[in-house]
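According to TrEMBL, the protein carries these features:
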- C:48, C:54: NADP(+) binding site (BINDING)
- C:125, C:126, C:127, C:238, C:239, C:283, C:298, C:299, C:300, C:301, C:302, C:324: FMN binding site (BINDING)
């Protein structure tokens with residue numbers, strides 16, 4: 001049991017505070033002889049990097065990753081891979097506002113009550129800066145999954161405004177500042193967020209992540225279910241308050257007849273599912289269909305609007321957070337969600353292989 | 001890593017198939033010298049027991065629990081507690097329908113693809129029968145949490161019909177067959193489910209679970225967050241497709257100013273929160289407010305309505321499940337959700353105590 | 001982390017007190033479609049069973065194992081296997097001697113200091129009775145390892161009297177009451193133990209266990225070393241005070257030149273090691289040679305000879321243990337040691353397969 | 001499960017190859033508000049540092065440790081502590097001898113067979129260089145244990161030459177190059193090792209580590225026994241082939257009457273043990289007496305004497321290792337053994353506290 005480790009066979013341990021000298025992670029359990037260099041990881045970090053548009057925090061970090069171990073002559077060795085990013089923009093600023101005061105809706109107060117000490121600079125360990133290492137580890141996880149598995153994410157809701165699924169275009173996702181698959185929604189969100197930013201407020205969002213090209217059989221009953229561990233992975237991302245798989249909460253409104261993903265056979269002996277209400281997971285085990293999950297991110301609690309709060313001495317105060325913050329933290333959660341999905345899947349791929357080395361890589365029937 | 005174990009310091013390992021000779025679990029890590037007898041566990045099992053109303057499966061099981069180890073002269077010893085329930089109503093019936101055919105939306109097909117073998121009788125290991133042991137273990141978890149912590153659950157939505165929160169009465173929950181806190185909703189659901197049952201169909205539901213009387217400080221960054229592990233715990237329950245904490249998905253629609261749980265001071269030096277959008281958890285750590293979670297259960301896939309399916313030989317067939325099944329599995333998920341909440345909290349209480357033995361038991365400021 | 005669980009992917013959780021209603025274990029992580037029935041397990045339990053000669057405890061237990069889950073129509077399903085043995089000979093006797101008094105050299109006093117409660121009847125949880133479940137789980141582990149892996153054990157020392165390795169005959173092991181591979185030593189031990197038994201005393205012993213037919217590559221740096229986990233496995237057996245691999249402590253007396261296991265090539269491209277000082281493990285990873293380990297068992301502390309002791313109230317007393325006990329607990333530790341070796345190897349086989357699915361099954365060079 | 005992580009609640013994950021850019025570790029689970037700076041760690045590293053006498057490897061490494069996270073204003077925060085040491089003396093040399101050839105008795109060949117790739121420079125991941133991070137983590141573990149717990153180690157045997165226990169002086173340990181508590185033995189070893197070094201050979205050794213001032217109750221049945229985890233911890237150190245607790249293998253030669261650690265009462269209500277054959281551990285749980293363990297280190301396999309070997313292509317060759325190596329790796333294993341003992345004890349202290357918060361800190365009777 002480790003509070004800063006995720007995964008079992010593919011295993012990520014992160015460390016570092018927002019304004020310490022560096023952040024890093026150790027990725028253990030990676031199979032040997034996979035090609036891996038910093039160039040495989042950096043593009044994913046660049047997608048998450050702060051300071052790239054006016055809709056995300058203006059902190060300037062190069063987020064240049066270095067591989068310190070586990071790779072030899074461009075190949076993994078099966079030994080732990082240490083990834084390291086120096087913190088470069090630890091702007092010298094006045095932290096008196098948050099050093100002694102607890103922002104409502106922020107981890108400040110719970111860290112104080114639990115530990116009696118915290119690095120208040122930029123949120124310390126509770127900062128979303130930690131998610132850079134998730135993204136880096138996620139890039140390694142993609143290597144473990146191999147080129148046939150495709151993992152993508154998109155922002156599907158900002159505030160109450162959702163994308164039009166009929167207008168979904170994965171190509172659009174990389175064209176706008178929001179990872180939005182619906183060009184019209186992206187335009188609306190631009191307006192909405194400019195206004196929010198001006199008013200010193202923030203807003204929540206919903207992200208969808210999808211994995212295609214998976215084998216069936218990933219995940220395991222009862223407490224190693226793929227969806228259970230994916231729920232933990234996504235809920236562990238900063239500010240996430242809800243997770244759903246497939247139809248999710250909407251499944252509660254369906255009848256059994258409606259919810260059934262009916263099956264026919266493809267000519268090649270694989271199962272053809274008529275729908276994917278289940279989000280690619282039945283009984284905690286992947287069906288071979290795309291795995292689909294969504295998660296809700298609350299609005300950031302670091303806002304310019306003054307809020308009633310208390311301080312370390314138990315005095316009633318007001319808090320108003322100046323500094324560089326995201327009007328919609330949900331945006332940068334897209335690459336983080338993708339990374340967590342990749343990490344969970346890589347872990348389950350190794351676990352599946354250990355117990356079921358002869359399982360089919362596609363949903364073929366009869367199995368033998 | 002164990003697929004059939006949940007928890008770290010308070011640790012539950014379950015075993016058993018629906019129609020095997022028995023089901024059971026081992027509860028490890030329980031502190032010594034807690035009073036515990038079968039009479040502390042049985043009432044919770046009785047709440048979950050099948051055959052109690054026409055809205056749940058008609059299988060008849062006494063679900064009489066026996067403690068086989070770990071308790072001496074009415075007290076826990078710190079050694080593993082083995083709990084055991086014999087399966088008594090393994091009705092000899094014709095399983096030919098599901099022995100070779102895969103029910104759409106059911107774990108049948110993924111177990112086949114993963115393992116190449118399964119006990120098809122009553123769903124085998126994938127049956128909700130396993131949840132009886134969660135409820136039994138949850139009763140032990142309540143002992144660990146002590147009498148000051150109160151854990152309750154309720155059904156808050158059946159299909160699209162939700163309870164009126166203004167009419168919420170915990171007293172109503174034990175009066176109807178649905179664990180429904182709103183008497184009028186209970187009356188409506190009775191009609192709705194009678195009709196569904198007659199038509200051989202099923203429907204989904206949403207359950208809410210609440211823990212009161214908790215200390216602050218439970219949970220830990222980053223991957224041991226209380227909400228992350230609670231999400232895994234609830235998502236691991238059969239048929240669950242979504243989990244949310246506090247405002248959950250609705251938090252995505254709020255602004256930062258709206259979502260902030262403002263703080264004032266009580267006269268006794270504890271923090272008075274003005275609201276609980278966060279569901280009692282900030283940064284993965286409990287605030288001392290009630291922990292509130294909801295989860296969505298899909299409609300059961302075992303229905304009388306014929307559905308397109310395939311069989312083990314890869315032939316296209318129709319499936320229509322006869323036998324004893326729940327028109328709304330969400331009902332019996334209420335005591336299971338409570339149990340999982342208790343288990344997660346007991347585990348985190350022990351973990352918190354290990355690392356932070358001097359943390360305050362209420363949200364008091366200044367802390368020291 | 002669980003105090004009553006051993007292993008990671010092949011995972012054994014045991015429960016039960018010596019004089020409770022039953023003992024049992026849950027074996028998780030077993031691959032599916034392995035043939036398994038009670039008849040595969042019972043012979044190993046019969047070898048360890050008490051009451052079989054006058055040199056071991058006279059308790060009469062049938063130790064009849066039942067499989068309660070995880071097996072369907074004679075095959076494993078990949079789901080947890082629950083094994084169960086009823087305690088039948090819980091002789092009603094007077095426990096007043098040990099209920100309140102702590103036997104020197106026994107776990108009585110540490111259980112009291114740690115837990116403040118214990119089941120004193122027959123040693124409760126600290127009884128060697130728990131090892132019956134290790135033996136049962138070991139039989140399942142052998143199935144996972146397959147027929148090419150052969151695991152055997154022998155008693156090689158009783159008191160200061162060691163076997164003559166030149167006279168080693170595995171055939172002799174099953175012929176005498178001591179699992180002794182040297183017929184002359186067996187004859188000497190018979191005399192020695194008869195005298196000890198008469199005098200109400202006991203003696204220590206050393207056991208050797210050997211696994212042949214293993215693939216290279218089992219085990220992993222740095223903290224998952226095969227020898228490190230084997231050391232934990234063997235040291236966890238009741239009364240064990242020392243563990244060594246290969247030459248063990250004698251390796252300390254060698255020079256590097258002497259200790260080197262030189263290598264030549266076999267005609268089939270596999271490595272031919274000239275010696276096995278390493279006991280089949282280098283850098284924590286198996287070489288493909290036989291894995292050889294030894295462990296030392298102290299004399300049982302339950303003896304008729306009176307010893308100075310204290311009681312629960314802190315009074316100075318004398319203790320003299322009547323009842324059924326082993327003059328040499330090391331004898332029955334032989335099948336237990338074999339079982340632990342099998343369990344460690346099965347666990348590592350699954351772990352190796354997860355990370356290195358294309359590793360060779362023999363020590364072949366070049367590897368590719 | 002992680003191959004590069006040790007411990008459960010106090011948890012150490014190491015990374016790094018001998019000749020990579022750096023080595024490091026992450027220490028998780030450390031309680032908050034412990035005073036900690038680099039100056040608390042560096043002295044222990046300095047004791048283990050290479051190049052300090054002619055009896056250890058001549059590699060020159062400053063081994064200057066940096067704390068990169070988890071500490072704020074000189075105090076731990078309860079968040080993961082990242083420790084980092086740059087590799088500075090990665091001497092550019094010719095590795096052709098060991099790049100393609102496997103040293104007998106070395107991990108070279110098993111890494112090749114398992115992974116098909118390895119960083120051959122200086123042994124890569126299998127190098128004893130990894131133990132620097134154990135020593136660093138051990139210094140943090142000592143902080144967790146507090147000032148009342150004293151952990152010390154000594155070299156007690158080189159080759160077949162053992163110390164005279166009657167001459168044992170802890171003060172001598174820091175005065176000679178061998179951590180030898182017997183000044184006369186130290187003088188003999190100096191001669192012995194000078195000759196060995198000249199002849200290009202090496203020799204094994206035995207180390208003893210002792211912890212004093214421990215509370216009773218550390219460790220837990222059955223698979224979390226203090227001695228079982230200590231055995232794993234010590235056996236995981238490079239080149240260790242045997243581990244024993246208390247009397248260890250000598251206990252096999254004792255009778256039960258001899259081996260009994262008899263008990264009387266001290267005036268203050270604590271237990272007075274008459275001897276410590278058990279090495280401070282009964283039933284896997286600490287008694288409150290000193291915990292005593294020994295481990296045997298084989299001679300290093302990197303020697304100048306030519307040995308028969310094979311290469312990656314399966315050709316028969318000779319190997320003779322030039323370069324900087326230890327004639328007796330057992331010497332530098334002393335601080336490493338101390339560190340592993342500290343790590344195991346710190347982990348168990350946290351685990352004990354979680355389950356038994358009211359257990360006494362000394363062996364007091366009656367307990368309540």
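Each residue, glycine too, has its Cβ placed from N, Cα and C.
Using a cut-off of under 8 A between C-beta atoms, the binding-site residues C:48, C:54, C:125, C:127 that neighbour chain D are C:125.
Here the binding-site residues are C:48, C:54, C:125, C:298; the one with the fewest Cβ atoms within 10 Å of its Cβ is C:54. In sequence order, the binding-site residues near chain B, meaning those of C:125, C:127, C:239, C:300 whose CB lies under 8 Å from a CB of that chain, are C:125. Counting every protein chain shown, the number of other Cβ atoms lying within 10 Å of the Cβ of residue C:127 (FMN binding site) is 19. Separating the Cα atoms of residue C:125 (FMN binding site) and residue C:48 (NADP(+) binding site) is a whole-number distance of 18 Å. Comparing residue C:48 (NADP(+) binding site) with residue C:127 (FMN binding site), their Cα atoms are 14 Å apart once rounded. For residue C:302 (FMN binding site), other Cβ atoms within 10 Å of its Cβ number 24. Residue C:125 (FMN binding site) falls within a helical segment according to DSSP.
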